[in-house]
Amino acid sequence: MPYMHQYDYIFAIAILFAALDTFNIGANDVANSFATSVSSRSLTLRQACLAAALMEFLGAVLVGAKTAGTIKNGIISLSAFQSNAGVEMLGFTCALVASATWLTIATRNSWPVSTTYSIVSALAGVGVAIQGKDAVQWGWNNSKGIAAIFAGFIIAPAISAGFAGVVYLITKYAVLERKNSIRAGMMIAPVYFFTVAAVLTMTIVYKGAPSLKLDKLSETTVALAIVLTGLVIAILSILFWLPYVHAKVIKKDYTIRWYHFFYGPLLWKRPAPTESLEHAHQHVPDYRVVGRDDEKKGFEEGAHPSTLPINGEHPHEEGSPNRPKNAELGGDLESQSSPIRPHRPVPLEEVETDPKTEIEGLWILPRNLWVIIRYKIPKILLHGSSVDIHAMQAGNGSKQANRIHEMHERASQYPNETEHLYSFLQVLTACTNSFAHGSNDVANAIGPFAAVYYVWSNGQVTPKDTPTPTWILAFGGALIVIGLATYGYNIMAVLGNKLTMHSPSRGFSMEFGAAITVLLASQYGIPVSTTMCITGATMGVGVLSSGLKGVNWRALGWIFLGWVLTVPVAGVAAGCLMGIILNAPHF
């Protein structure tokens, strides 16, 4: 069939707004998913961007859904278009315009919303504009109707909060609250790795690789694959992870690097470095939220880190559990080591401008073009991955900052060494969920555009399942990565530590609880959104960790309002746009 060149302008508009829609999925939905890892300091913002870039893109291109339902989630019927290919193109384009516009407004205003619900609501609005209210499935419709969407506002956060809370309580009383929490954490770690690997394997089988049809395998095959994957990961954790962590946490080997992980059992015989007070605090990152500013202030004033208060006690006071061992010898710590002054970000106005990076005269001059390509463009592209998310989450105004600080003080802070054990599990969970998101949700998000392309290129209405070309999957995956890297920080700023205090153990519990919820929901047909699951998990862990006052309910209220507004705003906008264009006067 010939291309429908008479509708080239509709196809061009669809491309532009599909790009904007997927860009905002990265800036909103994926940023929401990785906010927990960044807030817990398990990943830096730039590391999160790189991990998401790899996992989202590979998930979309390699095992992404090769067929995307043309009518998302069964909201409207194919018969509503009455075999009119042009009207179908227009309908999906209007849905993309409304969805992308709403997501842009939400992302700009730092409202974490469900990107899936946005496109579903827009399609529902198009259905009403075409055939009236009867064109839309308003009931439950096997968890695919409008009623199921609204039910998901409560179901998803509640279930996720429950699972995340259970995971956190197990972690808290099995490891964090134990007298020797590091030893307890290392002993139970292989069990954690087995469980996490098994659940994440199920996520890939049932949700994360639709084109491979792994869920069509026999139950025995799937069960063996799940158990064997868990066992392999658990054994690898014993052979490689345990000796690496032992060297880093127990031996306090600050000279160890990431590639030493592959040395495996050889690390057991690696000698511990000669203890140096100057580097003793550098063997693991500082995951604390409360007290970090006091420590930096002490460094800048020349105080040695060992002289700063820890948990309200001075480390050199007699009887203090934090008192250094060599303090008993009467040594002068300040004379033993020079003060450590960590890097302090320099304000922009204090930075001396490099003449090599300045544009002189017309921008089109060869030298200026080189400056723009070499310095200006990379600076713009990397800005989104270099902002200080933790400072943004601490609050902008004094009242807000004080309120957040009081909320954080209600939570217990555990040793950095123990928290470090969970950073590995958290990163593993985040990356696997990102892969599943890329392979499943990305394809669904670009489903309407795939339908537009099919109609435009074939000149006929779409079949029940529209084939999705690989280039469209790659197109969506690339724009999602760009969205996260350039503007994802705007959503992360209102999540994480702004909702409740985060740490690797808490963050792992949140992400693992959300992963379990999404997995079970996909199996039993319960309507959930990844965005709502991670928010509910954050709420559940926050309450169990710090009590009701340890959660920023005001911020959660605004997030919930954004969810509720998504359905009517996107739906009404798409419906009005479609209705106006269909019924507009013409010559």
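Placed from the backbone N, Cα and C atoms, the Cβ positions cover glycine too.
As annotated by TrEMBL, region 'Disordered' applies to 298-352. Sequence annotations record features per position, and here TrEMBL assigns transmembrane segment to 7-25, 45-65, 85-105, 146-170, 191-209, 221-242, 471-492, 512-544, 556-582.
Here the transmembrane segment (7-25) does not touch the transmembrane segment (556-582). Their Cβ atoms form fewer than 3 pairs under 8 Å, with each pair 6 or more residues apart. In this chain, the transmembrane segment (85-105) touches the transmembrane segment (556-582); three or more CB pairs sit within less than 8 A of each other, excluding pairs fewer than 6 residues apart. Under 8 Å from some Cβ of the transmembrane segment (512-544) lie the Cβ atoms of residues 28-29, 32-33, 35-36, 112-117, 142-144, 148-149, 151-153, 155-169, 172, 196, 199-200, 202-203, 206-207, 425, 429, 432-433, 437, 441, 495, 499-501, 506, 550-551, 556, 559, 563, all in the same chain and six or more residues away from its ends. Only pairs six or more apart in sequence are counted, and the transmembrane segment (45-65) with the transmembrane segment (146-170) gives fewer than three Cβ pairs under 8 Å, not enough to call it a contact. The transmembrane segment (191-209) and the transmembrane segment (221-242) are in contact, since at least 3 Cβ pairs between them lie under 8 Å (pairs 6 or more apart in sequence).
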